[in-house]
Structures are given as C-alpha cells and as structure tokens.
Amino acid sequence: MNPYILAILLFGLGLGTTITFASSHWLLAWMGLELNTLAIIPLMAQLHHPRAVEASTKYFLTQAAAAATLLFASTINAWLTGQWDIQQISHPLPTTLITLALALKIGLAPLHAWLPEVLQGLNLTTGLILSTWQKLAPFALLLQIQPTNSKLLIFLGLTSTLVGGWGGLNQTQLRKILAYSSIAHLGWMILVLQFSPQLTLLTLMAYFIMTASAFLIFKINNATNINTLATSWTKFPALTALTPLILLSLGGLPPLTGFMPKWLILQELTKQELAPTATLAALTALLSLYFYLRLSYAMTLTTSSNTLTAISPWRFTPSQTTLPLAIATSTTIYLLPLTPAAMALLSP
C-alpha cells in the first residue's frame, strides 16, 4: 500500500477513536465510531483477495448495523429525556439498546458470530488492529454510560466467556483461535464493568499486551494454522521456548500476567455476593486454558513432518522489526508483580 494512503488511514483510525474519547454528545461519538470503521476497511481489503473482500464486507455490514442501532437508541433517549449527553442516560430502553449495539461492535456473545469469520480473512497485522485498537472507542462509551442493567451485563459476560472457550476448542486456524480468545477476554471485562470500571480498564490493557505478543509471534513465524507452528523450532528456538509462557498467560495461569485480571475480577465478584457467577466464570476459563495448552503443545513438543504442506519460511533471514515483540513478550510474562502499582495508577 502507498505509504501516504497508509498514513491517512492510520490517522483516520486515531482521529475516530480520539473523537469518541473526547465526545460528550451522542452524534459526535457516533461520528467517531463511523470514522473508525471507514478507516480500517481499506486496510482489511488491501490484499485484493476474495477472502479479504468478504471479511471487509461482513465487517462493514455488522458495524453499520451496530452504528444504526446506536443512533436509533440515542435518538430515542433524546426524545424521552430532551438531551443528547452521553452520561445522562436514565431510561432502560435506550440504555439496553446502546449496550447491545456496543456489544455487537466489539463482538460480545451472543452477537459474536462475525468476529471469527472476519478475523480469518485478514492478515495478522490488520487482525491485531481489529483485536486491540478497534475495541477502545466502544469501551470508552461503555465506561461512560455505566449500564445499570446488571442481569444483561452478567448474561453477556458469562455467555462470552463460555462461547469464547467452547468455540476455540475445535479450531485449527490461529486467527479464529485468537478471535475466540478475544471474545472470552471481553466477557471477563463486561462481567466486572458495573462494579469496578478501573478493573475493566486494567483487564483491557493486560489483554492488549498479551494479544499483541501472540499476534507478533505468529506474524514473525508466518504461521496461520496449528500445523505450521511445528516448524518454529528451526526458525526461532529462543522465542519458541518463551511462547508457551505467553499462551498460558493468555489462559490466565499463575504466576503469569494473565492471572492478574482474572484473579482481581473473581475477587470483586465475590465481594459483590456473586459467588455463583464467579464460579461459572472460573470454570469457563478452563476451556480457554485447554486450547492455549493445545497450541503450546503443537508449537514446542511436536516436530514437523517432511511432507508438511506449507511454506517453509525458516530458510530465509527474517527482516521484521522485533523490538515491539520483545517489549510485549517481556510484559506478558513478568507484569504480575507490578499489580499493586497498576491498581494504584487506575484508582480514582
């Protein structure tokens, strides 16, 4: 892609998210979300492949439906209350509609069906943007409106953790596995959103770091399915030895970084006298942990056969920048001892 066009699209992504962050009016927030969507679609379709065009079309239709629902709900709120302020939503009807529209935008279950299909049609760099940066603007709105429908949020959260764990069990494509991983992590964030927004923000930041590590590792290995992971020993032996720690951190295994948000969320749910919800969420985390273990096994404890029907990229010297991967990998593994500092930074 032409670097000038790429710069304009990345500027549009940043501008759309910033507009949504800074807005207190629903029309301005909606405009920021639309700018965000329109900026990423050319990045999705840049491969000129039918699968990429299909993914771009599915993403556009889904985001357009979510944005139309959001605009409809904010208009209903203005009709009922006489104002467009984001933080002044009190009627349950527009609150529920806006929550569902934002859930569709970020891919929460049961409104998640588009996310694995769209992510499967993208390259890993655009998939990383979709899995991280594109979640920021809808989450900013969710944190501002502070939905009061606790049953809806708990239903969305538990369903997402269950679907995210269950859906990834039978997958062989790495991008679909990462999509279901995203759904499961978003479920944990939604579970605790109404009780501790700071904890939701901490979980979102930890998810961004861990997901960036996973995407960058698969990108540097040029791997798109589980079979091609078996060749990574030949290419990057040191990185391959560290990869199980990153994958298990995504699964939430102590003493790695991914354990921190789940531990704090379970503690907060127990404080709110929601022990059954916390128990169900902890059990669904075991499903996610299983397919992360499966990836770790395929990458580190198996060797590729001589008849592997895949590209053999280990014969070439990699030319990719590894500094972001090194930073993300280190923080993914070692961030747990800094939990008190992170909590202090996010406390009001």
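Using N, Cα and C of the backbone, Cβ positions are placed for all residues, glycine too.
No curator has checked TrEMBL annotations; they are predicted automatically.
Pulled from TrEMBL, these are the features on record:
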{"type": "DOMAIN", "residues": "23-286", "note": "domain 'NADH:quinone oxidoreductase/Mrp antiporter transmembrane'"}
{"type": "DOMAIN", "residues": "289-341", "note": "domain 'NADH dehydrogenase subunit 2 C-terminal'"}
{"type": "TRANSMEM", "residues": "59-80", "note": "transmembrane segment"}
{"type": "TRANSMEM", "residues": "92-115", "note": "transmembrane segment"}
{"type": "TRANSMEM", "residues": "152-170", "note": "transmembrane segment"}
{"type": "TRANSMEM", "residues": "177-195", "note": "transmembrane segment"}
{"type": "TRANSMEM", "residues": "201-221", "note": "transmembrane segment"}
{"type": "TRANSMEM", "residues": "233-254", "note": "transmembrane segment"}
{"type": "TRANSMEM", "residues": "274-293", "note": "transmembrane segment"}
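Note on the transmembrane segment (152-170): residues 96, 99, 103, 108-110, 112, 116, 176-177, 180-191, 193-194, 274, 277, 280-281, 284-288, 290-291 of its chain, located 6 or more positions outside it, place their CB under 8 angstroms from a CB of the stretch. Remote same-chain partners of the transmembrane segment (274-293), defined as residues 6 or more beyond its termini with a Cβ less than 8 Å from a stretch Cβ, comprise 154, 157-158, 161-162, 164-166, 168-169, 171, 177, 180-181, 184, 187-188, 191, 247-248, 250-253, 262, 265-266.
The average per-residue pLDDT of the prediction over the domain 'NADH dehydrogenase subunit 2 C-terminal' (289-341) is 74, rounded to a whole number.
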